[in-house]
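These notes are about the structure you will find just below.
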Amino acid sequence: MSFFIRNSAKAKISSTKVGQKRKTPGKPGGKKTTNGRLAGKRRMKGGNEEIASDEEILSDVEDVPEEEASEDEEETAQEKRLRLTKQYLAQLEEEEAEKRVTDEIDRDAISHRLQEDLLEQKGKLQRKVAAQYIPPTPADIQVLRGHQLPLTCLVVSSDSKHVYTGAKDCSIIKWNIAEGKKEKVVAGGRKGTEDKHQGHTAHVLCLAISSDNKFLASGCRNKIIHIWDPVSLTRLHTFTGHRDAVAGLAFRKGTHTLFSGSHDKTVKVWSLDEMAYVETLFGHEDSIMALDSLARERAVTAGGRDRTVRVWKIPEESQLVFHGENRGSIDCVAFINEQHIVSGDDNGNVCVWGLMKKKPLVSVRGAHHAEGSEQQECWVSAVAALTNSDLIASGSSDGHIRLWQCGDSFKTVQPLFSVPVVGFVNGLKFSSDGNFLVAAVGQEHRLGRWWRLKPARNSLVIIRLRKTS
């Protein structure tokens, strides 16, 4: 239905010219004769061409069939919701039918999917999958070498086909997981060549990729963020604005909104649709060490020596502050679902947090303690979570990546198994399908050179995760 009332015949004529035909109430005059012509027609002098009068044009509009006019009426909000719901249910039935051997539709499976979608929307989904995983064999662990210096970060594409890694040699490498080899390399440059070199000229500290695999973002010690095409690794844009090293990057799921955290204690928001800066968020009292985000317009950050984990609510322009239980530096953080977080600190503790409680729901003290080693060598340097599940992982320098199972409501954490990996685990990520876990391993910690583990190899480690049959 139109939002404007046109009173003049001229307005109605222009309305029909743009292709939108409407049924109008009848008007007197302009009666048809036996030969179908209107009485209101005028003939030009000196020619045979006829010009229709206003009454004839209006009567032509009246002759539009009722069915044709009704097709252009707008759909009501209720009708639209009903139509979209039917389409979604049909899509679920089709997906479930493809999974089954027979064509019989499992209504219970569809109901289960709807319940999971509702819990995921509320941020409370916890799929019970951890108990299905079994320890990997040596054949399930693949080590790929390509960087000259310790790896510092990594990210997995949403289709689980590629892994991108960054390192202290300032380079970025794109890996093909199925083939186990490099596909693209952005070489690092020397200091002072920023204007000429396409890539980074300082340590790459963080990577992030959009959920549609359209943009790859990288941050480094030079305070800059590069935006890349993930397919060709061609640089698309460069963001500046941070006053210190960029240590954390994350895309909001399903969007091109990018969050960045820096050692300058701020979080910045960027729009990649417009390639523009949006806003800056303040609150941390020390360097931001890590950052993560899911589908909601929120980001979680680890505040290092200020011993806090903060959840930033962008629309409300507010933040939730969670205080650690000790004086250690909280160095890594990741969302489990929209309501729960896992973090690691330099005292060797792995903590699980809920947004409704200021203290951790559960803490695993000395999660990576190794006998005969100094406490600092057991820093939890990386954590990861299989989104919306009960499976989390942590890495340190004790020679093991450890996988953990979260109990009901995330009130307990139990060890599952460990995977032997020599070196500093500077980054951890699960694939979206949960079929493998990847680790960025180096001889040194990603932020410094306090220790050097000579037996370690600077490498990408791909761990195939097997489930019980």
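Placement of Cβ uses the backbone N, Cα and C atoms for every residue, glycine included.
According to TrEMBL, the compositional bias 'Acidic residues' annotation covers 51-76.
According to TrEMBL, the region 'Disordered' annotation covers 1-78.
The repeat 'WD' feature in TrEMBL is assigned to 144-185 (among others). Long-range contacts of the repeat 'WD' (144-185) within its own chain (CB-CB distance under 8 A, at least 6 residues past either end) are made by residues 199-209, 211-213, 216, 218, 220, 228, 230, 232-233, 423-424, 426-427, 429-433, 435-436, 438-444, 446, 457-462.
What TrEMBL records for 197-238 (among others) is repeat 'WD'. If you look at the repeat 'WD' (197-238), the same-chain residues 6 or more away from its ends with a CB under 8 A from one of its CBs are 152-159, 162, 164-168, 170-172, 174, 184-191, 244-251, 253-256, 258, 260, 262, 264, 270, 272, 275, 291, 446-447.
Residues or ranges marked as repeat 'WD' in TrEMBL: 239-280 (among others). For the repeat 'WD' (239-280), the DSSP-based tally of helix, strand and coil residues reads 0 helix, 24 strand, 18 coil.
Within its own chain, the repeat 'WD' (281-322) is flanked in space by residues 123, 206, 244, 247-254, 257, 259-269, 328-335, 337-338, 341, 343, 353, 355, 358-360, 387, 447, which lie at least six positions past its ends and keep a Cβ under 8 Å from the stretch. What TrEMBL records for 281-322 (among others) is repeat 'WD'.
Per TrEMBL, the feature repeat 'WD' maps to 380-405 (among others). Across the repeat 'WD' (380-405), the DSSP tally of helix, strand and coil residues reads 0 helix, 16 strand, 10 coil.
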Arithmetic mean of per-residue pLDDT over the repeat 'WD' (281-322): 94
Per-state residue totals over the repeat 'WD' (144-185) - DSSP helix, strand, coil: 0 helix, 23 strand, 19 coil
